[in-house]
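Enquirer: The structure follows.
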Amino acid sequence: MAGKEVVILRIGHRPERDQRVTTHVALTGRALGACGMYLAASDKGVVQSVLDVAERWGGQFFCEDNIRWRTCIKDWKAAGGKVAHLTMYGINLPDIIEEIRPCEKLLVVVGAEKVPGEMYGLADYNVAVTGQPHSEIASLALFLDRYHDGREFAGEFPGAKIRIIPSRAGKQTEEL
């Protein structure tokens, strides 16, 4: 979204089993106002899938793999950014979002497998989305919607080659 830099850090990705979910984490972030995703694993397939979508559907979104997550967090904070870790063990989203929303540079950590305990100490905010086990994709979507206060629905995706024409029935797209 305009003026804010939101980037996802995906940790714990297992290439042999998490490709679809990690791709959907990136695409959800892209659609809901994130600028890009750092992937703390090597998976060129995920990176290429995400970049292909960004190329066709427009907008500025990067995806980089082989990121060392501890270094990424350290560098992000050194550059003045804040870190929000999505977890079912944090402070409930409605109780902390007003504190997070003013952050102009935000790294959102989304785990796949069990997240190392040190993440809770590295994060500026440990954010629970319901405090119940569910999808990391749903957590990211709800978090970004609350963070952007619904403004992501009016987002523009410059450079798109295709766009959807809203319709009550059927699928309508337009080549640009």
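Each residue, glycine too, has its Cβ placed from N, Cα and C.
Note that the structure is a prediction, hence the values are computed from the model and not measured.
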Enquirer: Looking at Swiss-Prot, which one out of LEU86, LEU93 binds S-adenosyl-L-methionine in the same site as GLY111, ALA112, GLU113, LYS114, VAL115?
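Expert: Candidate listed by Swiss-Prot for the same site: LEU86.
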Enquirer: For VAL115 (S-adenosyl-L-methionine binding site), which residues in the same chain are close in space, meaning a Cβ under 8 Å from its Cβ, but six or more apart along the sequence?
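Expert: In sequence order, the residues whose Cβ lies under 8 Å from that of VAL115 (S-adenosyl-L-methionine binding site) (at least 6 apart) are ILE11, GLY12, HIS85, THR87, VAL109.
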Enquirer: 10 Å Cβ neighbour count around LYS114 (S-adenosyl-L-methionine binding site)?
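Expert: Other Cβ atoms found within 10 Å: 7.
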Enquirer: Considering all pairs of residues in LEU86, GLY111, ALA112, GLU113, LYS114, VAL115, annotated in the record as contacting S-adenosyl-L-methionine, what is the maximal C-alpha distance expressed in whole angstrom?
Expert: 13
Enquirer: Residues with Cβ closer than 8 Å to the Cβ of GLU113 (S-adenosyl-L-methionine binding site), same chain and 6+ apart in sequence?
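Expert: When sequence neighbours closer than 6 are ignored, GLU113 (S-adenosyl-L-methionine binding site) has GLY12, ARG14 within Cβ distance under 8 Å.
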